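Engineer: Got a structure for you, questions after.
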């Protein structure tokens with residue numbers, strides 16, 4: 001089996017985890033108690049969904065997941081909520097005091113008290129796996145636990161599970177809707193620390209999701225529940241190929257192989273289509289060609305940046321539902337003829353396709369319409385550098401005045417870590433710039449100085 005363990009860190013990670021597991025249960029017909037009436041072979045290990053659920057002797061399905069937060073309120077909602085019977089109590093780990101939006105508290109002071117317990121739980125989950133494929137880690141960049149504890153966890157997972165893939169789903173701080181003043185600090189510190197430990201990180205920008213909810217789903221004031229349900233659809237599309245049998249299945253390592261040309265350039269842009277409310281879906285034609293071209297609209301992206309200003313290095317199209325390869329090929333051929341979509345000259349083919357026959361499921365009472373087919377596009381584009389540049393600029397404004405730095409130093413960090421992290425991100429921006437240069441431009445630049 002190719003099992004995946006999901007780790008949900010901090011408030012954002014835990015709440016997205018809630019939405020994801022609710023959706024997985026609906027997709028697989030698993031009840032909130034963990035029973036699965038449709039599963040005839042009790043204890044059968046060969047079902048595809050066993051990558052995400054382990055099965056007990058009594059036929060109960062338990063998510064292969066750990067929820068961690070340094071303060072209890074958010075995880076308590078799971079302990080008392082509809083799905084409280086689904087999880088083993090030991091999978092829900094909470095501390096007593098939170099990280100207070102402070103990376104240093106999450107990574108050093110408070111985080112290190114809990115890390116061994118968390119790793120112990122992860123160890124127990126991995127012992128139940130026959131062929132652990134890797135970890136999916138959900139967290140935000142802006143919070144103290146999401147940034148600090150995640151980076152500590154990633155470092156330790158690299159030590160304990162060396163070669164196993166680690167994929168992140170990271171909530172990028174929204175440019176307008178900030179929940180903390182120090183988000184730029186936390187984001188840059190966590191990115192610097194996890195950069196070498198993460199194999200692939202899918203960024204989700206809260207503001208982009210707000211705009212999609214307002215524009216496509218006509219929700220005037222989107223709540224976190226609305227955002228998380230949308231994010232869970234995207235996560236479900238990315239993981240569908242691991243949980244169902246499909247025509248063209250894609251596993252975790254395959255994502256990396258096809259999306260990450262250089263180890264540091266591992267931040268694919270996620271786009272999902274169709275995002276549409278029930279009343280609109282009734283009147284629109286959503287064939288493969290339409291949903292495919294919708295993926296190249298910046299408005300449907302999960303991070304605010306403009307790929308028309310950058311170049312694509314690789315593109316992964318994950319279709320689900322009623323889709324045949326012939327339609328996909330036609331749709332992609334059309335896309336390739338458009339001038340606005342540019343690939344780097346060293347990567348001419350650029351498209352990887354996955355098809356899964358399981359149509360998208362929607363949460364009853366949710367905002368999304370039930371559709372016959374959907375596509376999730378993961379593209380590695382140089383335009384993502386815009387998002388880093390925005391964050392770096394905010395970091396610089398605060399750091400020039402050393403604002404708020406004493407809170408971090410007081411928790412045992414050194415000021416040098418700030419400048420080190422900032423330099424690393426400057427290098428990351430430069431990496432993106434160089435990757436986007438055409439081959440001959442790059443050679444001209446290098447050719448000037450003889451060594």
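Glycine is treated like the rest: Cβ placed from N, Cα and C.
What Swiss-Prot shows for this protein is this:
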BINDING   11, 71, 140, 144, 145, 179, 206, 228  GTP binding site
MOD_RES   40  N6-acetyllysine
BINDING   71  Mg(2+) binding site
ACT_SITE  254  active site
SITE      451  site 'Involved in polymerization'
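On this model, are these features tucked inside or out on the surface, and what's nearby?
Structural biologist: Of all the Cβ atoms in the protein chains shown, 15 others lie within 10 Å of the Cβ of residue 179 (GTP binding site).
Taking Cβ-Cβ distances under 8 Å and a sequence separation of 6 or more, the neighbours of residue 71 (GTP binding site) in its chain are 94, 95, 96, 97, 98, 99, 145.
Listed in sequence order, the residues of the same chain lying 6 or more apart from residue 254 (active site) and placing their CB within less than 8 Å of its CB are 352.
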Engineer: List nothing but the largest Cα to Cα distance in Å, as a whole number, among the residues 11, 71, 140, 144, 145, 179, 206, 228 that the record says bind GTP.
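Structural biologist: Of all Cα pairs among the recorded GTP binders, the widest measures 22 Å.
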Engineer: With the cut-off set at 10 Å between Cβ atoms, which of these binding-site residues ends up with the most neighbours? Options: 11, 140, 145, 228.
Structural biologist: 145
Engineer: Just jot down the residues in the same chain as residue 144 (GTP binding site), at least 6 apart in sequence, with C-beta under 8 A of its C-beta; none if empty.
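Structural biologist: In sequence order, 10, 70, 98, 99, 100, 101, 102, 103, 105, 106, 186 meet the Cβ cut-off.
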